[in-house]
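Take a look at the structure below.
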Amino acid sequence: QRSVETRRVVMKLVVIVPLLLLLEVSGYAECRCFCQVTGDLDDCTCDVETIDRFNNDQLFPKLQSLLESDYFRFYKVQLMHHTYVYAHLWVRSVTLNVCLASILSQLSQLSALLFVPSAETREALLDWNKYDDEAERFCVVDDEESPDSQYVDLLLNPERFTGYKGPEAWQIWNSIYEENCFKPYTIKRPLNPTSFQSSPGSEGRNSSCVEKRAFFRLVSGLHASINVHLSARYLLDDSWFQKKWGHNVSEFRQRFDSELTVGEGPKRLRNLYFLYLIELRALAKVLPFFQQSSFQLYTGRPEEDQKHKEQLLDILQLARSFPLHFDEASLFAGDEKEAAKLKEDIRLAFLNISRIMDCVGCFKCRLWGKLQTQGLGTALKILFSERQIEALPKSSNQRPSFQLSRQEIVSLFNAFGRISTSVRELKNFRVLLAEEQ
């Protein structure tokens with residue numbers, strides 16, 4: 001009788017074990033990336049599912065349409081910051097090889113970037129500059145004033161995988177984290193996605209104040225969003241006949257699978273949602289600035305400009321209607337002197353991150369890295385300027401208490417467009433991973 005029972009157990013194992021192995025290598029892959037990316041987000045009252053529904057069903061289509069307009073498709077950028085690169089080399093020898101390789105490859109890459117080509121468009125951009133220069137500005141970015149800056153057509157230069165990877169790319173992100181993120185040491189290092197050092201604890205939730213924790217999560221979310229874009233628009237076929245971009249599920253898993261990243265991948269995706277909430281909150285807060293009758297999305301075509309302003313206001317009203325906004329009152333709510341110092345630390349950190357982006361050895365990567373860094377910095381500027389926005393004058397004759405330059409506006413909306421696209425792409429990757437079952 002025992003032998004009969006033993007045979008039954010063995011037969012069950014013969015059936016069950018292969019099924020478990022199949023789940024482990026196929027269907028379970030979706031869970032290893034997404035099972036922890038659900039429910040409430042830390043330091044927030046919002047949950048992942050609410051963001052997914054709001055973004056994918058309502059906001060994403062409207063925002064993409066707006067970003068195709070001329071006002072938002074041209075971004076002025078300086079891609080040859082030699083002075084800072086050499087200074088960065090001298091002060092931080094750890095990035096020496098990275099930046100030298102970047103400099104040596106710049107000239108060969110520059111011609112591949114598609115700058116604004118037509119004389120008609122260049123003349124229009126000069127007209128835009130004249131209009132912008134007549135407006136008083138309170139925040140001027142180096143790129144705007146540099147004689148070497150050029151306008152880049154973002155629609156002709158989409159963010160996607162360019163082949164830029166390996167130690168050079170990892171060193172850039174390591175520099176960003178180590179120099180600017182208040183160093184929550186419970187995070188696994190290095191950031192090389194194929195090599196992790198184990199360290200105890202979680203992601204440092206209790207190891208720093210909410211402001212420092214939030215700053216780290218914003219940078220981590222930005223990093224995650226960029227990696228989602230690269231996985232979603234990966235170069236699948238590069239031949240004489242065609243270049244084909246598409247979703248690379250293996251690349252996505254390498255960056256976000258919990259087992260392949262020692263548990264860090266899902267945390268990065270949750271940080272992406274946190275970043276989404278911060279930038280969405282900024283859009284809701286800045287609505288009064290864009291409602292001013294004196295504000296125009298100026299391109300010299302009044303009817304189109306008005307149409308696009310109405311489109312923008314519709315998006316901002318939609319952002320304001322989101323039911324579970326991040327409460328920025330939790331930030332810098334303590335001692336005034338300490339809060340002021342934290343704000344200044346964060347401002348300087350963003351300036352430094354933008355300068356580190358100048359060391360990126362791929363021009364298209366540098367373009368989108370600088371744009372998204374400036375966009376996030378603009379979002380934080382808005383959240384830190386609530387009183388100034390509330391005090392905006394009712395008359396155009398009065399000096400404005402708050403202002404955004406064209407550069408800041410273009411970077412703000414395009415940066416959020418990238419985050420919105422990432423959230424939408426996560427839905428696609430869920431489907432693709434489930435199909436692997």
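Using N, Cα and C of the backbone, Cβ positions are placed for all residues, glycine too.
Copied over from TrEMBL:
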- C362: active site, nucleophile (ACT_SITE)
- C365: active site (ACT_SITE)
- R160, T162, W173, S220, H223, R255: FAD binding site (BINDING)
- C362-C365: disulfide bond (DISULFID)
- 1-31: signal peptide (SIGNAL)
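Here the residue listed as 'active site, nucleophile' is positioned 8 angstrom away from T162 (FAD binding site), judged by their C-alpha atoms.
The Cβ of R255 (FAD binding site) has 22 other Cβ atoms within 10 Å, all protein chains considered. For T162 (FAD binding site), the Cβ neighbour count at a 10 Å cut-off comes to 15, with all displayed protein chains included. You'll find the Cα of C365 (active site) roughly 17 Å from the Cα of S220 (FAD binding site).
Annotation for S220 (FAD binding site): spatial neighbours K267, R268, N271, criterion Cβ-Cβ under 8 Å with sequence separation of six or more. Cα separation, H223 (FAD binding site) to the residue listed as 'active site, nucleophile', rounded: 16 Å.
Calculated from their C-alpha atoms, the gap between R255 (FAD binding site) and C362 (active site, nucleophile) amounts to 20 Å. Sequence-distant neighbours of R160 (FAD binding site) (same chain, six or more apart, CB under 8 Å from its CB) are H229, L230, R233, Y234, L235, W245, listed in sequence order.
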